[in-house]
Amino acid sequence: MSAVPHDSPAHPPVVCLLGPTASGKTAAALALAADAPVEIISLDSALVYREMDIGTAKPTREELAVAPHHLIDIIDPADSYSAAQFVADAERLIGEIHARGHVPLIVGGTMLYYKALTQGLNDLPQADAALRAELDQLAAERGWPALHAMLAEVDPVTAARLAPNDAQRIQRALEIHRLSGQPMSALLARQAEGRTFAGAADQRYRVIALEPSDRLALHHRIARRYDAMLAQGFIDEVERLRARGDLHPGLPSIRCVGYRQVWEYLDGEADFATMRERGIAATRQLCKRQLTWLRSTPERRVVDCLATDYVDQVRRLADFGH
């Protein structure tokens, strides 16, 4: 194992390994753990949940033993975890890991968390439980595509980048418009114009992005992985969550890709084949959103995740001195 890279004391290194779902982030991260004393900080809004292992592709017990991992299995599925909580946790962990003489390795694909950490949190209105309940009721009566059409009337920019069934994001955009009287896209644009960022531009961040040279090949990989999850007992996992009695499809945990589709299957809203198709399609949509976020990250160094030597390329870019 090599020593920690020699960066300026003012800029101790933080390596970020970003990529869409099924891009091979775990394998690359574990390879980096063989090169330097890293501690892995999960950048994944689904891995925070306990009792959700198969559908989140959570690292195995053996993989978790290779290096210290953080922000995995930290909250109950009945609870929520925000970008603000992630930033607070990640900043604390980065300091603690550096104090131990180790390298923080941030690994994942929840780009909202990455942007919040490196660019700061936005000042959008806080969630309003009563308004969300009202929107949920409206969606139950008319369907999320109808609410997507409503959003298109007041915030066409945001609506254009959201799928008609992207319930969580449609709800948030409508909520922001109702509370502020302004489109979310306009608020975000103004904040971006007035903000000066120190985060990702800081020399301490080494940002490596795993991106596919062939989107179709990654789509095939996503389908194979979803089928493997089903074979491993994904449906049984969701059945156990349902049996608790305190969870429902409106929770962020159950809105995670794959879980919502299996929940609908268990509710009798879809047959097995339809559930499988919807789960794969939702995962591909997630992948598309992740890649869109990544490509708006100019500080990244890109590695083709389909290349046979992609792990070696990641190791070279991480620059641990080997």
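Every residue, even glycine, has its Cβ placed from backbone N, Cα and C.
Annotated ATP binding site per Swiss-Prot: G19, P20, T21, A22, S23, G24, K25, T26, in sequence order. Neighbour list (G19 (ATP binding site), Cβ cut-off 8 Å, at least 6 residues apart, same chain): K25, G109, A209, L210, E211, Q290, L294, C305.
If you look up Swiss-Prot, you'll see T21, A22, S23, G24, K25, T26 marked as substrate binding site, on the strength of sequence analysis. Within the same chain, residues at least 6 positions away in sequence whose Cβ sits under 8 Å from that of G24 (ATP binding site) are L210, C305, Y310, V311.
Long-range contacts of the region 'Interaction with substrate tRNA' (44-47) within the same chain: residues 55-56, 58, 71-73, 81, 86, 107-110, 112-113, 252-253, 256-257, each at least 6 residues beyond the stretch ends and with a Cβ under 8 Å from a Cβ of the stretch. Taken from Swiss-Prot, the feature region 'Interaction with substrate tRNA' applies to 44-47 (among others).
Remark: secondary structure over the region 'Interaction with substrate tRNA' (168-172) totals 5 helix, 0 strand, 0 coil, with classes taken from DSSP. For 168-172 (among others), the entry in Swiss-Prot reads region 'Interaction with substrate tRNA', with the evidence type sequence analysis.
Annotated region 'Interaction with substrate tRNA' per Swiss-Prot: 255-260 (among others), in sequence order. With a cut-off of 8 Å between Cβ atoms, the residues of this chain six or more beyond the region 'Interaction with substrate tRNA' (255-260) that come close are 21, 45-46, 49, 52, 55-56, 167-168, 226, 229, 234, 238, 241, 249, 279, 282-283, 286.
What Swiss-Prot records for T110 (among others) is site 'Interaction with substrate tRNA'. Cβ neighbours within 10 Å of T110 (site 'Interaction with substrate tRNA'), excluding its own Cβ and spanning all shown chains: 20. Under the DSSP three-state reduction, T110 (site 'Interaction with substrate tRNA') is assigned to coil, being neither helix nor strand.
Taking Cβ-Cβ distances under 8 Å and a sequence gap of 6 or more within the same chain, the neighbours of R132 (site 'Interaction with substrate tRNA') are Q171, E175. Per Swiss-Prot, site 'Interaction with substrate tRNA' is recorded for R132 (among others), and the stated evidence type is sequence analysis.
In the three-state DSSP scheme, T26 (ATP binding site) falls into the helix class.
S23 (ATP binding site) sits 13 Å from T110 (site 'Interaction with substrate tRNA'), taking the CA atoms of both as reference points. On the 0 to 100 pLDDT scale, the model's mean across the region 'Interaction with substrate tRNA' (168-172) is 94. Each of the binding-site residues T21, S23, T26 was scored by other CB atoms within 10 A of its CB, and the lowest score goes to T26. If you take the CA of T110 (site 'Interaction with substrate tRNA') and look 10 A around it, the binding-site residues you hit from P20, A22, T26 are P20. Long-range Cβ proximity for A22 (ATP binding site), meaning a same-chain Cβ under 8 A and a gap of 6 or more residues, is found for A57, L218, R221, I222, R225, T283, C287.
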